[in-house]
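Okay, so here's the structure we're looking at.
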There are 2 protein chains.
Amino acid sequence: MTSAYERLEQKFARIAVLNEASAMLGWDAAAMMPDGGAEARGEQLATLAGLAHEFLASPEIGEDLEAAAPETDWQEANVGLMREAYIRATALPRDLVEASVRAGRACETIWRAARKESDFAAVQAALSEVVSLTRESAQILGQALDLAPYDALMSQYQRGITAADASAIFTRYEAFLKDALPRAEALQAAREHESLPPGPYPEAVQEALARQLAASAGLKFSNARLDRSAHPFCGGTPTDIRITTRYDEADFASALTGVLHETGHALYEQNLPAAFARQPVGEAAGMAMHESQSLIIEMQAVRSDAFLSHLAPILTQAFGKPITPPALKRRLRHVERSYIRVEADELTYPAHVLLRFRLEQALLSGDLAVADLPAAWNDGFKALLGITPPNDAQGCLQDIHWYDGAIGYFPSYTLGAMAAAQLMAAARKALPGLDAHLAQGDFTPLSVWLAEHVHGLGASLGFNEILTAATGEALNPAHFEAHLTARYLA
Amino acid sequence: MTSAYERLEQKFARIAVLNEASAMLGWDAAAMMPDGGAEARGEQLATLAGLAHEFLASPEIGEDLEAAAPETDWQEANVGLMREAYIRATALPRDLVEASVRAGRACETIWRAARKESDFAAVQAALSEVVSLTRESAQILGQALDLAPYDALMSQYQRGITAADASAIFTRYEAFLKDALPRAEALQAAREHESLPPGPYPEAVQEALARQLAASAGLKFSNARLDRSAHPFCGGTPTDIRITTRYDEADFASALTGVLHETGHALYEQNLPAAFARQPVGEAAGMAMHESQSLIIEMQAVRSDAFLSHLAPILTQAFGKPITPPALKRRLRHVERSYIRVEADELTYPAHVLLRFRLEQALLSGDLAVADLPAAWNDGFKALLGITPPNDAQGCLQDIHWYDGAIGYFPSYTLGAMAAAQLMAAARKALPGLDAHLAQGDFTPLSVWLAEHVHGLGASLGFNEILTAATGEALNPAHFEAHLTARYLA
């Protein structure tokens, strides 16, 4: 006789296998598929997603959840995550789900044209529809999960931290930035400016280097590939990770740091607890925690003085051009007030997120009308960074998220950056030789520590619980401030 | 209200979409996947195949098949194919299906080692089990489909031609070969022997040429990719074809003809009737017909005097070495008695198939005991080609088919080669300038003719019906004999 818990494990494993198939097909669509395959691929992905949803929302799962008697902490956490997934899959009326999908798809299409024309008015009605349907869903989900509506959205991306937690942290960062940014700019202006030699930096050399560095950071190519796509990402499955990048022969730095960013994500996936593979508790703990793992590699380790001193001669040799640590630092650690989030440096990036975090809460609650979004964006941007976007394309139209129906995602970026700093501080304390290892190009102590304190925990704990177990405290922005102070204000 | 027929179309479309996902994941496993991904991929493919089978074998499909009232010939053919698929999916007891899968898997594993050691005794028991279970299945399927047991197996690979049809054709070929082979050898020995210059033929040049030739043969790269794999194949889906090859820098010919062979398969898939996409009637008509399409490109068109005269200067220019038509012909049209089917030339290849066709029928009927297979193989081989395999690795252990449970597949290879000759003869008659076009490297008239007379018919007709509609007669080996006579006995 299988128990209710065992049946649940089997059912969720089958759902996970379908999601694995979707992940591989999604990677293929971005990295391999000829254009003509797009329509058929859309059908394949929709069918797999539909089946996964059908299996998840089945009454048998509801019954087994009632009857399940988990025997260990991990099993209990697993059942908790299963229950939440089941509620999310069943709480919303089918009409609302379908209307949301349709509205999101329609709005995204209009947004693509509107962004090109910097014409917010063109997409305003479609966005209003998306916001209104998302509000309705958030209320229903919040009630079912006993969460505030915005928290019900936020927790689908990252469990274990609330909007109230994030608000306090972001408000404190706002004050820090007000003081730190002009100081960092002044120090930067006063510094000597050594430049990287001009390109070309051949793609083949960049790719070989990227492979070598990803492997030295711990990526197992027996279970991974590195390919190209228009938008770099980390996809695939834990035993078959697919990371992508794009190359610019004028600038080696973006592909190289991009690959190491995706490598951070990949290490998390590769080191998830194999004993709970294909179970909710065996997955990563959330998007903010995932971002902390990409950023601890890319921002904390790779951009450290120690590692850059190791990297410079490797680059010099590979490209046959003199690349010095100061020139590398100038390229990789440059602070600048700018309009576009994805191009922002690590000091100003949180301001971009903070603005969106506040605005999306206001949109969801109805405190901010969609019609007033451009003005609110520009005012908020001016208040945070002292500059006003010249147009909405560089303002409230720049990101796909809201237009696609994704509200509650943005805070993950900055919570992840802050968690990365906190984890790095704890790792440095636990591993006194950490920087000496990085100066030798050796990531092993760091990645072993992360595997033990983060990756191997899967989703058995929430965001703040993992941080508390690993570092002794919940998310504390002081570590991120200390990191930025050391790097930009010293 | 949807009709029973419409519901069937929807259900079979969903099954087809799952099979498309499997096809893409199968391609990835062969062409892209790191080794470490194999176990997870196996689960993904098994889950998708299991779901597709579950949907196909559902009682609702049985009911809709009872009620369906097709309104056109194509719909009627579609329902006929659906019914056959349903019977195949439901006729066999679950225990027998599972025992067959297990036996095939076990036998294949043992066979890999046995072939390496040329040790038939090691795999004899496992093969006996496979044969005995296949016999049981063939009897049940034959009864359900009103076919002889062997025909029930053969028709799962190619409908519309029976073992009796094939027997008569193969027996006639045996007589032709007896006379033709020594004459071809004598003529070949008497001819001047101009050789291709020694390599290396750089992979990158081979690949660029392969792409160029595949495109000129009609492959649309907007809906296709060319990659590498250990065993070349044509996979993917009609709007997203994936062909693969492997390169040998010492010999450009194998990759080039291999790519054009797969291109022939790909053209068939790309030109299937879009109005019946994802329906059984919209698929290719069978494996023999598929092979006819790869061979009409590779053997009939590419190896023709006309095309080789066009190809030689292209190769000369691309590789920077003198490559003459006579040297090309010697490499691509060389006759030789040999032991290994996949390396055989087009004149002796049918003898390899004929032997297997006879032996597998005798195994299935029980007329031949598995223990007697090696001796029967060697005797049969000697009788057909006059040479005796030095060991079983080069004899009855060389092909995976039987050991994997595939009985009834082999005749497709030669039926396809013969159909290719017959179709080419009809195309030459219908298109008097065909060879002049090939001499210009122009495949368009041929591929347009094939699209109309073969590809676009999907599976609306059986093998001999398609040939009759396209050429005026059912499969007639005289065309293949005439082709070989012109090429090897002139």
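Heads up, the Cβ atoms here are built off N, Cα and C, so glycines get one too.
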Same-site residue for Zn(2+) (record: TrEMBL; known: B:HIS261, B:HIS265; options: B:GLU207, B:GLU283, B:GLU291):
B:GLU291
For the Zn(2+) site (B:HIS261, B:HIS265, B:GLU291), what does the 8 A shell look like? I mean other same-chain residues with CB within 8 A of the CB centroid.
B:CYS234, B:GLU262, B:GLY264, B:HIS290, B:GLN293, B:SER294, B:LEU295, B:ILE297, B:GLU298, B:GLY416
Greatest C-beta neighbour count within 10 angstroms, which of the recorded positions B:GLU262, B:GLU291:
B:GLU262
Protein Cβ atoms within 10 Å of B:HIS265 (Zn(2+) binding site), excluding its own:
22
Write down the Cα-Cα distance for B:GLU262 (active site, proton donor/acceptor) and B:GLU291 (Zn(2+) binding site), rounded and given in Å.
10
